[in-house]
């Protein structure tokens, strides 16, 4: 009965929309197509319809003009349009706060193209929170307080700034030209440039409110020993930086776990710090020798969401979100799920460190492989992908990935910490590979209900040196759950590998996705092998054993293969 009423209501709304469209054809010349005009959400709200439900045959519908750059369904860069924003996909458990996240539509909401700041502007130096000093942290505290004091309708308010992450990560924004598909910047090659854009405008809004043009965000340097705790300023209950929805067991001076997934370990602080450094080396050095492995997989208009994440996004980015969020909530709010993570002021310092690691990786690539090494992707569908943000003057700005590649041009830099993980290669564990003759036959696809070991043949290497990559393909996980599994190479007896040992080649982690229970997320994972096989002393072997070990959640694996990649 409820469904019948809902369908009837929806039909009446569509009739109302058609009547509205008919009225528009009278108001405008008959030779003009009403779909060529940009329609605001406020007009569509008269009918109560989601703005992306009604579409026209032309890309120009519900557009700010960017639609003429591509044809529906033809691929091309991801382009966002605030007119294509509706209700996000809800999590399967009710969230602890209202679940709306579309940016406000103000009278001047037609976007302007991004322009670089004046080179004469002060260079903002982002410093680690643990040593930024009380005066600097007091500025961040006041900036957040000023943002929280703004009306919720102000796009610069903390409420709206937090909603930016929700809009781009929870199905509210739709793809221009393919409005039936959501925009999801996670588990794609857009992860780093989107968050850099996000922080850039957040920081400039804070500086404007403070009246301090040189203000720079602090960053939470959880990859260096001195920063491997929640900064004290975020634990002060009287501070606007405090958030009650954090894990109470992880307040300072608790040392964080970069591989955390709900279960506490019993390591000493020294052991945990060492393991964290090994994790960082794996994700920043061993597993990230190529841009495609670091950034993530291509994501174009018409593509399904989340094709494959880069190394750092999976771990430690995802694991730090889970470590910080509150396990007492079913979605591990606030930090543990995309829709609400921006509501915690620590989110912006967390992602400032992610952004710093992007710069660090670029530095590593250029210093170890020469200044001419290609550190950015060159695909125009990456470079021309665009996002919309409100700036410090509440103007809507369209920014592209190519705008975000040079931090110097954006007038900020990082200081205060090094890269202690750069040479922290994990130790090997002798005698853990067992006898391959005892391996059971495995037929893919398989459900990862228990550990699975497969012998994977290595193709003949090309004449020119290329990166050997293990591809875990056809990964299907329950979107309504947190998922983690581990990938071991040449460790049939994986349980004997010391914590953080070299044979643990990679870790797959997803946060809970928005949507109905039992929906499926489909993605891939890639693990670089060159340095790993060198450390294990098996470069000349014809095959390797790969062991997949479930840790959390339901997982289905489509297959394993090894390929060579050159970039």
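Just so it is clear, glycine is given a Cβ too, placed from its N, Cα and C backbone atoms.
Note that the structure is a prediction, hence the values are computed from the model and not measured.
According to TrEMBL, the protein has these features:
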DISULFID  85-102  disulfide bond
DISULFID  101-166  disulfide bond
BINDING   165, 186, 195  Cu cation A binding site
DOMAIN    186-203  domain 'Tyrosinase copper-binding'
BINDING   317, 321, 351  Cu cation B binding site
DOMAIN    344-355  domain 'Tyrosinase copper-binding'
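Between the alpha carbons (Cα) of residue 317 (Cu cation B binding site) and residue 195 (Cu cation A binding site) lies a span of roughly 12 Å. It is 12 Å from the Cα atom of residue 166 (disulfide bond) to that of residue 195 (Cu cation A binding site). Ranked by CA distance from residue 321 (Cu cation B binding site), the recorded positions 85, 101, 102, 165 have 165 at the top as the closest.
The shortest Cα-Cα distance between residue 195 (Cu cation A binding site) and any of the recorded positions 85, 101, 351 is the one to 351. Taken together, the residues of the domain 'Tyrosinase copper-binding' (344-355) have an average pLDDT of 98. For residue 165 (Cu cation A binding site), the same-chain residues 6+ apart in sequence whose C-beta sits under 8 angstroms from its C-beta are 198, 338, 339, 341, 342, 347.
Report note: the Cu cation A site is defined by 165, 186, 195, and the residues of the same chain whose CB lies within 8 Å of the CB centroid of those residues, excluding them, are 168, 169, 185, 191, 194, 198, 338, 341, 351. The 10 Å shell around the Cβ of residue 317 (Cu cation B binding site) contains 24 further Cβ atoms across the protein chains shown. Around the Cβ of residue 321 (Cu cation B binding site), the number of neighbouring Cβ atoms within 10 Å comes to 23.
Using the Cβ center of 317, 321, 351 for Cu cation B, the list of other same-chain residues with Cβ within 8 Å runs, in sequence order, 313, 318, 320, 341, 347, 350, 354. The sparsest Cβ neighbourhood within 10 Å, among the listed disulfide-bonded residues (85, 101, 102, 166), is found at 102. Using a 10 Å Cα-Cα cut-off around residue 101 (disulfide bond), the recorded positions 85, 186, 351 reduce to 85. Within 10 Å of the C-beta of residue 195 (Cu cation A binding site) there are 24 other C-beta atoms, taking all protein chains into account. In this view, residue 186 (Cu cation A binding site) is surrounded by 23 other Cβ atoms within 10 Å of its Cβ, with every protein chain counted. Annotation for residue 351 (Cu cation B binding site): same-chain Cβ neighbours under 8 Å, separated by at least 6 residues, are 195, 198, 199.
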